[in-house]
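Worksheet: one structure, shown below.
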Amino acid sequence: MNNVVLVNLPFVVVALLLAVGFYTIGFKRNLIKVVIGIEILEGAVNLFLIALGYVKGAYAPIYTMAPPQAENNMVLPTPQALTLTSIVIGVAVSALMLAFAVNIYRHYGTLDVTKVRRLRG
Amino acid sequence: MKSDMGLIVKTTARATIPLIGIFGAYVVSHGHLTPGGGFQGGATIAGAGILFLIAFGLGEMKKRYNHHLYSALEGLGGLAFLGAAMLGMGVAFFYNALWQDGPFFNGQPGTLLSAGYLPIMNLAVGLKVFTGLVSAMAAIAAYRRWKE
């Protein structure tokens, strides 16, 4: 497990997810696919936060029924709280974006982002 | 258009919705002891509500879902969270007065009635997340008005 690639594998995955998410936001025309790209970006950010708090061989930061060797040997709890907040914000933002997408489809009759630019109604 | 599922799905939903609700209530109420908490448990119970919506259709959901009641409960969850945070205003905001010298919720750490205001806050957040998610899903489901 001391291989440098294997240790940094979560961050490689984060970089790949960021690339996929930015590609989806930048080059896809369907609004639902753009929303999916933003969700992929949120997943990358959450994985990055959790991977930052990892301590090798450590235990989950829960004191209920914790084994004795978990004393002073737990992963960082702060990134987990940050990630929980980030997940909540992601759910709210995705619900709002999908509601906007439904509204845009009803208003314009299309979800193509290059065709919803004209003013109507 | 028929908006509910078949017999097998309905029967299975009748069997599993109470189980999902009980598990979500367990996750919410043990949020200060085990993994989980307000958001996770609330989202689990909201999953039971969404299962009801999908299995029994929008018409059955409209009979049992009251928009005003759910809005009021969501506001009540936020107010309960704020009230629990204001309990120790004599010292500071978010001062855990129930845990320091409160009449209840100050048991041995690790037991259910411990951790001061945390169980109250978990219940408030769980209520808020459950009502908010169910309201959002019911609103999105009721929005299908475009022409076929």
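Using N, Cα and C of the backbone, Cβ positions are placed for all residues, glycine too.
According to TrEMBL, the domain 'Na+/H+ antiporter MnhB subunit-related protein' annotation covers B:8-134. The transmembrane segment annotation in TrEMBL covers B:12-33, B:39-58, B:79-99, B:119-143.
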What parts of the chain pack near the transmembrane segment (B:119-143), using Cβ distances under 8 Å and only residues at least 6 beyond its ends?
-> 24, 28-29, 31-32, 37-39, 41-43, 45-46, 49-50, 53, 58, 61-62, 65, 67, 70-71, 73-74, 76-78, 80-81, 84-85, 98, 105, 112-113
Per the Cβ under 8 Å criterion, with at least 6 residues separating them from its ends, the transmembrane segment (B:79-99) contacts 105-106, 114-118, 120-121, 123-125, 127-128
Within the domain 'Na+/H+ antiporter MnhB subunit-related protein' (B:8-134), residues counted as helix, strand or coil by DSSP = 90 helix, 2 strand, 35 coil
What is the pLDDT of the domain 'Na+/H+ antiporter MnhB subunit-related protein' (B:8-134) when averaged and given as a whole number?
-> 85
